[in-house]
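Engineer: Feature list, courtesy of TrEMBL:
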{"type": "REPEAT", "residues": "691-723", "note": "repeat 'ANK'"}
{"type": "REPEAT", "residues": "724-756", "note": "repeat 'ANK'"}
{"type": "REPEAT", "residues": "757-789", "note": "repeat 'ANK'"}
{"type": "DOMAIN", "residues": "913-1188", "note": "domain 'Protein kinase'"}
{"type": "BINDING", "residues": "K942", "note": "ATP binding site"}
{"type": "REGION", "residues": "1201-1230", "note": "region 'Disordered'"}
Amino acid sequence: MSGPLNVSTSVVAVLQLAATATQYLKDIKHGSADRSRLRDELRSTVCLLEMLQDRLEDSNDMPDSENMLTPQSISLLGGADGPLHLFRQVLEEIIAELAPQDKLRQLTKPFTWPFDKKKVAELLTRLERSKSHFSLVLQNNIVDLVRLANLKLDKIGDKVESSEAKSRDSDSQKIIHWISPLSFRSRHVNVLDSVQPGTGIWLLEHATFREWVKSKTGTLWCPGIPGAGKTSLASLIISYLEQEPPQENSFCSFIYCDYNQRSAQTHVALLSSILQQILQRHSSDVLPSEVVTLYNQHQKYKTHPTLVQITEILGKLVSTFETFYVVVDALDECAESEEDALRFISAVSSLGSSVKIICTSRSSSIFDAYFSTAARVEISAQQTDITTFITACLQDQARLSKHVAKDHILKDDIIRAIIQESQGMFLLVKLHVESLSRKISRKDVRTALKTLPSTLDATYSDALERIYGQDSESAELAELILFWVVSAKRSLTVQDLQHLYATRELSDGESLDEDDIPDGDILTGVCSGLIIVDEESQLVRLVHYTAQQYFENCHHTRLLEAKMSLANISLTYLTLSNFSSGFCTTDEAMSLRLKQFPFLLYAAKYWGSDLAELDCADVGPRIEKFSSNAAAVETVNQAWSVKTGKFQYTNWSQEFPRHVPMLVLISAFCLPGVLQYLVSKGHKLNARGSDGETALIRSAGFGHVENVQMLLELGAEVDAQDHMDETALQRAARVGNETIAKILLDKGADVNMKAASDLTALMSAVSSGNLEVVKALVEAGADFKAETVWGDSALSIATRSGQEAIANFLFDQGAILPKGPAGRRASIIASRKGLHQLVRKLTANYDAVADKPLERQSSRLMEGLSDIQESEQVASDAKTEEAISKQTRTDTRTEFLDDMEEIGYNIGFHKRYDLLQQLGKGHYAEVYLCANRVTGVRYAVKVRIFATQASEKQRSNELFREAKMLRFLQKDPHPNILRFVDLFAEHSFERTYLITELVPHGELFNYIVANTRLSEDESRKVFLQLFSALEFLHDQGCIHRDIKPENILLADEKNLVIKISDFGLAKIIGPGTEKWEWVTTLCGTPSYVAPEILATDSKRKYGFPVDIWSSGVVLYICLCGFPPFSDELYSKEFPYTLTQQIKTGRFDYPSPYWDPVGDPVLDLIDSMLVVDMEKRFTVRQCLEHPWMREAVPQILAEAIRSESPEPMEEGEERRNGPFQKRSLISDLNK
């Protein structure tokens, strides 16, 4: 496609695609600013392309014209990877996201803007580049055009996500997300976007606010009546403090309290959110060690941080800032009581002297007293702001703009009347404008201005009257939508409402068809401004929390009807014949199901939430009928368990227990009457699924007291254990539920029963931080001297986790710290936390003895010890050596346990997994197939014996290094790096278990052996992925140090999808401009080791280039089937040992083995196997090598979809071949 005519034809085709994309962007109803920017950029790019089309036609008609495009320009324009092709790719991506794929999606998809901010920015950048390309073609600027084309090639690495990690650098997002379930950033963005430009300036210029900003400390309270605009002003304050920080070393954190989320807004959750915000700001840095330790500690026992722990860490981090701002919006919506809300403010104030608080709230006598000494600014809707807002609305509202255009006086009348009746509430202003916008004539507008309601309740009642004043069909629809939104357990999306409405008249077992789905804008447009839709998330919520209160107080009957409607529709939805196949067996199938049926997650998680308000005689038969539908039960069970997120790892949809009985499923809701009914109908009281959980255990975990009481009355087994040997009492203790714990104890629950690794209920209660539960268990006879297999006791756990009150209580009851490493670690960590008084209480004080000189003591017979015979024995050398050996083993074991504590681990491997056949065996470890006993999902597990001898230290070092490295890399996973799943340590078996994803097709080593060699295309496919993974590693500051075919696994043999494994020798040297550092470790695999590693100690330095060398050796082997360096090559004619060959770079491409291989790849190998590491290629240079660029688009298409394969069925496992022995290779330097 090089001639003008051919290129012109292609341009026409691309212009047609551009027209389609532009039309889709025009038709879509959401996306606001992003949609407009993308559409405008696309149109400007099309203008340039149309000019090019004209120039191409001129080239055909007037070949001698001076404006004619040169052949080189035309060739570059229409080349395989030219500007036209790149622009086509952008258009196809836009069309693929916006074009409906089927009728069902057509009715749901358009209501969600499919591009996030990051994707929009990427598309805009690519469109801008296309414009630059087209402009250079028009100018016949070949040099710059080629340069830009090379910039395009730089994006290849991005396509395979080689630089994705740069967005988060070395941070662990997994830990950051775990810190708190509450995130307020998206809420802030949405509120800020809704603020009318030009409003709220009065507060930022207020003298009291400016004085508070300049002061070093202090609290500013901004009270105001409901609807005064406090939240909008809070968003402006946050934006001001973030964009124009008054001090250089300052930080602004913020909290948006929500009336409907009061139960979730605990002190620890809100403070954890502040901690999370600090960590997110410094996400390019290494996480503080205290945070990592906290995560590891709680992961071990599956618990969450306590208030003491969060406050301690937060205090340390806050002290690093000169000024630490905390903005709290709607303090009155924070908790159930105002006193509790103020306790939270006190907790924030206690974080340090640099803390400055500004909070908004309603006025109250309690708040007035608390903030009596604080600075104060009253919040109310200012007339200037109201005028600005109304003026903008009059321009935007179609009917009002026409009325005002014809009657200019009407505008002033509207503004005057609304200000007069607004009562200082912006919310009233918005509702009044909404009311006026529906008036048909100017006379109707003027009439309405005379009767504007002046209170919120009256305004809400007026809005309801407008709803019921519509035609009967619209009024009925509006009532349904409005009360569904009010009564829902979580915020509903527009798609949720579409599917809710479509299912309302269906019967159990019917099918939901595309024709059933209504238009989303119709559903949300009939509610007279009482609900609003977030354009980005498509979440639907009430206009204000006072609207929630109004409906709850004034429309109880209708709300109850709406709750029952939601419950019944949810049950119907779950029995749709669309789900008749039961649970999804693959991740792809589950993803498709959730896209096509967005209401499934809500229905599965909340179907029983409100059934308690119905008569059991009505509910019981419905649930019994539902339980007979096996497919529905399986569907609920899977959807209940599934976790969704940005990164969906392999088998994310399969990690749920199988065969869970209906009695257990329903125990997640407080429905004791239904439980009794089901048991009367033959449901087994102690039935359990594959996870061993009974109805009693689940009820205890969810805190349903009535369920627990009913199940016990019916005869439930009180000490039944799940697959981790956890009982209902232990579950209640773990979640800190005192009431249920006491009920179970009264019914004879064994207080000292042990779960996996000998964990007791008392230890679980300590981890929960609930002192009252601890007291109840101790009073019931809990053995506070019991120890886990790791030597931990309840007291050591309390001491180590900073639970001072619990530790003091246990000490007063006679508990002592256990002897051994666990006790020592607990006292050391407590000292580091500053709990010196507790440590002095728990440990002996040797100060007096240590300060006193050692005195000689004469022998004497001690009173009371006359029965002891005096004797003198001299230990034999053998016994001395034995004692020393024993002490060495003890010290090594203690060091091993300390290291394990540092990296974090779980306990109870054999409770969670079945160990199946061996897959391979290495120098220090054995690799087995294992299966999760609950979900059946299969993984690979590397099993190591504890290191108990000093000589065995290397193997424990490799374990720690590999576990740390895999955890570190898992925070931002790369598709070509083996995924870390879990780490276990079992004291009783003296084994560690490192669990990773199962890569089913063995090693690249075996594939090469089986096929003799790889073709160039196959090798290129492998190395595109390998280089992508290495670039990711090096960007993270990591060296692998052991790249070889045995450590490259095949996830998909057909498409040659690879994953790098075995990080036992990996090392973090940190990212940066330096590529190496001075080191002393001599390690690797002999045939693959780089020459710089073989240097003498005084000259040895290396870094990222060692991985390039090893990769060059692997590439050589792939193409010919044998290594470039080998002891087998030694002869009289070639008198060089393996070490000498490597140090001097002596290798060749012998005929006939290399005859079929082209020169470009030989050039790449030569550039990788360069002895001088400073001249050796980098990963990026390897990726940009001409041989790597050949057929790149086809390879990318396959490599990018490198999702791990489905779990293997029984008998499908392919046994890995033997590992090449890896060792410290000091013998190579002999």
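From the backbone N, Cα and C atoms, a Cβ is placed for every residue, glycine too.
Caution: TrEMBL annotation is automatic and unverified by curators.
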Engineer: By Cβ distance under 8 Å, which residues at least 6 away from the ends of the repeat 'ANK' (724-756) in the same chain are close to it?
Structural biologist: 301-303, 692, 694, 696-697, 699-701, 703, 705, 708-709, 712, 718, 762, 764-765, 767-770, 772-773, 776-777, 780-783, 786, 907-908, 911-912
Engineer: What does DSSP give as the helix, strand and coil breakdown of the repeat 'ANK' (724-756)?
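Structural biologist: Helix/strand/coil tally for the repeat 'ANK' (724-756): 18 helix, 0 strand, 15 coil.
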Engineer: Could you give me three numbers for the repeat 'ANK' (691-723), the DSSP helix, strand and coil residue counts?
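Structural biologist: Once the DSSP states are binned, the repeat 'ANK' (691-723) shows 17 helix, 0 strand, 16 coil.
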Engineer: 10 Å Cβ neighbour count around K942 (ATP binding site)?
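Structural biologist: Excluding its own Cβ, K942 (ATP binding site) sees 24 Cβ atoms within 10 Å.
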Engineer: Let me know the model's mean pLDDT on the repeat 'ANK' (724-756).
Structural biologist: 95
